[in-house]
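S.K.: If you look up TrEMBL, you'll see 181-362 marked as domain 'Malic enzyme N-terminal'. The active site, proton donor annotation in TrEMBL covers Y204. According to TrEMBL, the feature (S)-malate binding site maps to R257, N512, N556. Residues annotated as active site, proton acceptor in TrEMBL: K275. The annotation divalent metal cation binding site is assigned in TrEMBL to E347, D348, D371. Per TrEMBL, domain 'Malic enzyme NAD-binding' is recorded for 372-625.
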Amino acid sequence: KILCFVLVIKGGYAPFRLQRQQRFVFCVFSLSGFSVLSASLISQRQALGVLLCRGRRGERKSRIVEQSTLKEMRNRDSVLDLDDKSGVGGGVQDAYGEDSATEDQPVTPWTVSVASGYTLLRDPHHNKGLAFTEKERDAHYLRGLLPPVVLSQALQEKKLMHNLRQYKVPLQRYMAMMELQETNERLFYKLLVDNVEELLPVVYTPTVGEACQKYGSIFRRPQGLYISLKEKGKIFEVLKNWPEKTIQVIVVTDGERILGLGDLGCQGMGIPVGKLSLYTALGGVRPSACLPITIDVGTNNEQLLKDEFYIGLRQKRATGQEYAELLDEFMSAVKQNYGEKILIQFEDFANHNAFELLAKYRTTHLVFNDDIQGTAAVVLSGLVSALKLVGGTLADHTFLFLGAGEAGTGIAELIALEISKKTQAPVEETRKKIWLVDSKGLIVSSRKESLQHFKQPFAHEHEPATRLLDAVKAIKPTVLIGTSGVGKTFTKDVVEAMASFNEKPLILALSNPTSQSECTAEEAYTWSKGRAIFASGSPFDPVEYDGKVFVPGQANNAYIFPGFGLGLIMSGAIRVHDDLLLAASEALAVQVTEENYEKGLIYPPFSNIRKISAHIAANVAAKAYELGLASRLPRPQDLVQFAESCMYSPIYRSYR
């Protein structure tokens, strides 16, 4: 329960919280001209606040404020009982005025009390390191705890980027960035926002894959919630242990299919942590509103089970009813604890669970699977923008996928849906333009009985083909898309075959990390003699061929999910509809400029990602209002401007 008093000070007010932790209540105050020294410990049955103040002449005064019992106080209104319109900052209530204040207005560094001294330096939310001003060092008892120099945030950023560039091993950069996130949150996000193209591969793919593989060895401190089979029946209480209460986005994984690396069990936590870092840096969702969660049901990875440094349950994966019951308890507890509008993003679940979970909960929860839906949206956007280079409409092209799992079938279904909307043809008809190849070869109708349910809609009449090259020669696709998770599968013969019947073959090698990419950018451009339009899941350097420099695009989900999530939050959406994904794709496609096309790019540069995310969020929110899925009313007049106003700023704040 949150209780609040209002103190009238110099014509304004300063809200403070009465917070209860087990048997204690902490009463914290902030007064102009006074400093808080401590709070009293009291029983649950009493609501007594002890305010210790330091007067102007230095003398201490104590005052005990007697109130009614907690039971009586629960019935009283609080100025913190605000509706969703109270603040911005990624759609989260801004109870302390931190985001609604302008950058030149001072704010109070709240924790359970006003942070000061050594505690303030160890609080990543408020720590500024050597950037604390002389006035702040006096006000918050920092004298002697810091060297005398005062640095600007810009100079801190310059120094850290210099240090990061000295590391030759990507994992060392990753660890340095994670350490920074744990000690100085705003500086971490300032670095990431200002250097997104350089640091995105560090905090996410491909480096995060190696980090997950070695997570047990590099683990320092927990960065999210771990919910295992040991917590079955107590998940609601476990969620209460997380210190932040106004959560808006959860990214959850069970670690069974981490990127293209397979089952990494509990060590898959690096994925939710990395994704939510991008939610903040690229989409502007407040860090305090983000919660990374790993559900540990064991692992089938024998190497991890034998690893003495493995941090998860040492048992084979739970399946069937035991698994379903744990996930059901988790979904119910999340909704009970955080409400109807909490966005739950499923990440790196194995195919058999990913589709079932999405189908089961999409009608009762605000859920989004980035592997199925996010990948589909970003690839569809690339295809739409590529039409300006290859000509025609989507309906004029034939698509061949290598890989028929979550990503492959998710992309295929969204392409079919988009063609259906543009041509008014039934989806069943538009699917016939799309062919899939799995581990057993081309998916055809003669295999239909043995196929998993999500593959069956793409089983068409055709002769079987066991090899990708045979399928390419038989189908003659204009677009080749790799989602197999197996590297080096787009061979020279396959690329040359694509180039033999396409003037500009469109080749998307989407598997992550880089080692699992179906082919490299250099291979695609060289084998097609510079005619391929290429994009990949992981980044590749520019390639020079025949005197021309080609800049490969990156079909990175980070283009979509941060802006998509922000759009859901700021509109108060209660469900995810396929039309919202199409809206996100369209918003991204129109951000590609003529200058980008001249370089062969089908995606805009990441340097403008916050602007791109704002437009995606606005488009998604507009569609949510149109479909009646939005609960934030009235609708803002300028959704792009509103999206930008909701974005978290990593710039240091001045402290009172």
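Glycine is treated like the rest: Cβ placed from N, Cα and C.
Just so you know, TrEMBL annotations are computer predictions that nobody has curated.
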S.K.: Counting Cβ atoms within 10 Å of each candidate's own Cβ, which of the binding-site residues N512, N556 comes out highest?
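M.R.: In terms of Cβ crowding, the pick is N556.
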S.K.: Tell me which of the recorded positions K275, E347, D348 ends up closest to R257 ((S)-malate binding site) in space, Cα to Cα.
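M.R.: For R257 ((S)-malate binding site), the spatially nearest of the recorded positions is D348.
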S.K.: Compute the mean position of the Cβ atoms of E347, D348, D371, which form the recorded divalent metal cation site, and then list in sequence order the other residues of that chain whose Cβ is within 8 Å of it.
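M.R.: Neighbours found: T253, R257, I258, I271, F346, F349, A354, N369, D370, E406.
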S.K.: Just how many other Cβ atoms lie inside 10 Å of the Cβ on R257 ((S)-malate binding site)?
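M.R.: Looking across every protein chain shown, the total is 24.
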S.K.: Please compare the binding-site residues E347, D348, D371 by how many other CB atoms fall within 10 Å of each one's CB, and tell me which has the fewest.
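M.R.: Result for the binding-site residues E347, D348, D371: minimum number of other Cβ atoms within 10 Å at D371.
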S.K.: Measuring Cα to Cα across R257, N512, N556, which the record gives as the (S)-malate binders, how far apart are the two most distant ones in Å?
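M.R.: Binding-site diameter by Cα atoms for (S)-malate: 18 Å.
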S.K.: If I take every residue in the domain 'Malic enzyme NAD-binding' (372-625) and average their pLDDT values, what number comes out?
M.R.: 95
S.K.: I need the CA-to-CA distance for K275 (active site, proton acceptor) versus N512 ((S)-malate binding site), whole Å please.
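M.R.: Each residue's Cα considered, K275 (active site, proton acceptor) and N512 ((S)-malate binding site) end up 15 Å apart.
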S.K.: Sequence gap of 6 or more, Cβ distance under 8 Å: name the residues on the same chain that satisfy this around Y204 (active site, proton donor), in order along the sequence.
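M.R.: Y204 (active site, proton donor) has long-range Cβ partners G274, K275, S277, L278, A558.
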S.K.: Tell me the Cα distance separating D371 (divalent metal cation binding site) from N556 ((S)-malate binding site), rounded to the nearest angstrom.
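M.R.: Between the alpha carbons of N556 ((S)-malate binding site) and D371 (divalent metal cation binding site) there are 11 Å.
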